[in-house]
C-alpha cells in the first residue's frame, strides 16, 4: 500500500511516521508549505525548523521526502475566507477550511491521487460500518480533533489514516522520546498558522483597516466606550475591550451600524443560548436520518473543547436546528456546529452557525 504521510515537524506527525514503519509500511513524507502571499510578498509560518526536523525524520526512517507548496491555494481557500468572514461580522474557522480544501483537497488533487492512503497526525479515528468509513473520535478526549475535521467529505474520509488516534498524547510523547525524535518536547502549535508571529489584530487591520464605533451596554443602551471596528471582536470575547468595571463580554454585533453590544458580570445570562441554527448541513459519510419529522438525539460541539453537549437536531426546510439540553456560551455566527451521534463516537458532519434570531 502506498501511503503519503503529511508531516509538519511536530511531535504528532513525527510519531505517525514511526507508527507506519512499525506497521510495515514505507510512507512517502510530504511537508506542505502553507502561508499566505499578497502583493507585498509572503507572510509565512516559520518553516525552517519544521523542515529541518521533518527532513531528519525522513532520513531516520529511510523515507522518501518531498517539500510541496500550496501557498496560492491557501490564500484563495483559507486566508481570503478568513478575511471575508471577519468583514461580514462572522467568526471564521480557518482550521476546518485548511483540512477540507488544502490538506485533503488541493494536496489530493496534485499529489495525493498517486497514493492509496493519506496519513496525518490528527487525533481522530475511523470506523467501518457496513462497508462505509465513518470519522470517529480519538482515544484522548482532550486532544480529539474530529471537530476540526467536521467539513471533510465521504471521499476524503475513505482515504485518510490516523495512526495516532488510538493513543493518548502522553503515549505519543513517550514514543517520541524513546525514539529520540527532535520533536519530542516541542510545544503543540497554537493559533492560526498563516499568521506566524504576526498579531491577529495587526493582520485584520492590514486588510480591513480601522473604523471607530460605539461599545454599548446591551441591557441599558448606555455608550461605554469606543472600538476600532467590529471586525476586531467576536461573540463571547472578554479581553481587549478596554472597558473599566468589568468583566465585559461581547454579546452582539451590529455590523451595519458598527456597534458592539456588551454585558457585564462574570457570567451574564445574555451570553448564553440553547438554540443553534445552521445554514445547511454537510454530512461526512452519509445522511443517517434521511427525511425525518420531529427530532434526533445527538451530541455536538460549537468550539474546540473536550466536552460534548447533549441535544436534539431538527430539520426545518433547508435549515437544521440544534436544541441543546443546557445553555451554551458564545454562540457565534460563522463558526461550525459539529454533530456527533448520541454516544459521541461517530462524527456525522457539520453546519455553519447563523444568527439564531433569524
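Glycine is no exception: its Cβ is also placed from the backbone N, Cα and C atoms.
Feature list (source: Swiss-Prot):
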BINDING   6, 7, 8, 9, 10, 11, 12, 13, 32, 121  ATP binding site
ACT_SITE  98  active site, nucleophile
DISULFID  98-193  disulfide bond
SITE      122  site 'Interaction with tRNA'
ACT_SITE  193  active site, cysteine persulfide intermediate
SITE      335  site 'Interaction with tRNA'
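The two recorded residues residue 8 (ATP binding site) and residue 122 (site 'Interaction with tRNA') have their Cα atoms spaced 11 Å from each other. According to its DSSP assignment, residue 32 (ATP binding site) is in a strand. Take the CB of residue 6 (ATP binding site) and look out to 10 A: across all protein chains shown you find 22 other CB atoms. Annotation: no recorded positions among 98, 122, 335 have CA atoms within 10 angstroms of the CA of residue 10 (ATP binding site).
Close to residue 122 (site 'Interaction with tRNA'), meaning Cα to Cα within 10 A, are the following recorded positions out of 12, 32, 98: 12.
Separating the Cα atoms of residue 6 (ATP binding site) and the residue listed as 'active site, nucleophile' is a whole-number distance of 13 Å. According to its DSSP assignment, residue 6 (ATP binding site) is in a strand. Comparing the Cα of residue 335 (site 'Interaction with tRNA') with the Cα of every entry in 12, 32, 98, these being the recorded positions, the smallest distance points to 98. Residue density at residue 8 (ATP binding site): 24 other Cβ atoms are found within 10 A of its Cβ, drawing on all protein chains shown. Cα of residue 12 (ATP binding site) to Cα of the residue listed as 'active site, nucleophile': a distance of 18 Å. Secondary structure from DSSP puts residue 98 (active site, nucleophile) in a helix. In the three-state DSSP classification, residue 122 (site 'Interaction with tRNA') falls within coil. Look at residue 12 (ATP binding site): DSSP puts it in a helix. Candidate recorded positions: 32, 122. Fewest other C-beta atoms within 10 angstroms, 32. Residue 32 (ATP binding site) is 12 Å away from residue 98 (active site, nucleophile) when you measure Cα to Cα.
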